[in-house]
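Notes follow the structure.
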Amino acid sequence: MAVLGRSSCFVAALIALASVAAVAGEVFFQEKFDDGWEDRWIKSDWKKDDNTAGEWNHTSGKWNGDADDKGIQTSEDYRFYAISAQYPEFSNKDKTLVLQFSVKHEQKLDCGGGYVKLLGGDVDPRKFGGETPYSIMFGPDICGYTTKKVHAILTKNGKNHLIKKDVPCETDQLTHVYTMIIRPDATYSILIDNVEKQSGSIYDDWDILPAKKIKDPEAKKPEDWDDKEYIPDPEDKKPEGYDDIPKEIPDPDAKKPEDWDDEEDGEWTAPTIPNPEYKGPWKQKKMKNPDYKGKWKAPLIDNPEYKDDPFIYAFDSLKHIGIELWQVKSGTLFDNILITDDIEYAKKFAEETSGKNREAEKAAFDEAEKKRLEEESANTKDDDDDDDNDADEDEDGADDDIAEINAEDAKGYADVKTEDATDDKAEDSKEKASDEEKTHDEL
Ligand SMILES: *[C@@H]1O[C@H](CO)[C@@H](O)[C@H](O)[C@H]1NC(C)=O
């Protein structure tokens, strides 16, 4: 526990955790957002100039399992949020790293992030924003019907790498605990509410290193390689006179009308009809090519650019935890942030904080929902009493407006995210698709 005493806020955090569970490992950072949290967290100046920086609300939210257990919640719509806290700088080299926090989307999040970032020592908290390089980004991200996932981005050599596996996130309006574990054997696990949702090797599930094997760029298809699976059947010959069969013939049933006057109407010719004998242009049958060797593939060779990185999982400098979000609808509440090397401690911490309040929170939410629905139906009844048609019109109009706003927001959000993860993903898959060709060209 060498870090003890390096910062007073850290001591406060340690005292707080002592009451939760015994720590076998090391806790690098822990935040329950008890009083005094504002001294530990620095709000960035990012987006302040154009008045789009959102305010945080220190609250337990509209429904909770313990009104005294507060976190920080985004409180303004259409705002950017950027806030961070420091801990004694460390590297997770040769260590297990556990990053954990709880998040609740009270607003029924339709488009927005709920993730946190770990940042290196060279970050200026006052300038922390969407462009600030980070080491790890982790947590849920929801936008429309298509994006409902847990982001797990690892940044290596200035490049963001998204996890290739799909990890669905929670989409309800209750508190959930997200945990990412990175082990020194380069394996990882992602947990939601202490249940493992994904795990594997960082080597396999992120494309951080170049491919181990590539197609031999020197290899050429042998001249005599027959890659035609089918060839024309030489046995199949065009029947004699086939091309002489006309496509159309004069209608044998047609008769020259009685009143046809050759002199005035010209010479009568029968109208034509499709010839039932006509079978279209002749096509020679195909047959399996007995010399077919299959599609030629260049043999794989070791990629000269591949170099193993035994510290693929490690980050030299971790010093800040930041929350950087764009929110269309506010109401996302973060709490119980933990960075430790102790998996067991993290598990207990989750149980004894958010886990302990889960049932009470669910009951409070159900109660709030019941109230909301009752009020809603009371309002509808009022409208009905006035005038049915009016009420319908108003409702429809409002719905349209909301739909329009949402569509625009989604677009705005996509633009914002372009700077960040989404773009990387598009790039990643594009890159992946042309990886082999690219390597080929480069060599
Ligand atoms: C903070 O959250 C509480 C609980 O949801 C709410 O009553 C209050 O209005 C919020 N304050 C601001 C400034 O948003």
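Quick reminder: no glycine exception, Cβ is built from N, Cα and C everywhere.
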Disulfide-linked residue for Cys143, taking TrEMBL as the record, within Cys111, Cys169: Cys111
From binding-site residues Lys117, Asp141, Glu324, the one whose Cα lies nearest Cys111 (disulfide bond): Asp141
Secondary structure tally of the compositional bias 'Basic and acidic residues' (218-258) (DSSP, helix then strand then coil): 3 helix, 6 strand, 32 coil
Composition by DSSP (helix, strand, coil) of residues within the compositional bias 'Basic and acidic residues' (351-381): 31 helix, 0 strand, 0 coil
Per DSSP, three-state class assigned to Tyr115 (alpha-D-glucoside binding site): coil
Among Tyr115, Lys117, Glu324, which are recorded as binding-site residues, the nearest neighbour of Cys143 (disulfide bond) by Cα: Tyr115
Pairwise Cα distance maximum in Å, alpha-D-glucoside-binding residues per record: Tyr115, Lys117, Tyr134, Asp141, Glu324: 17
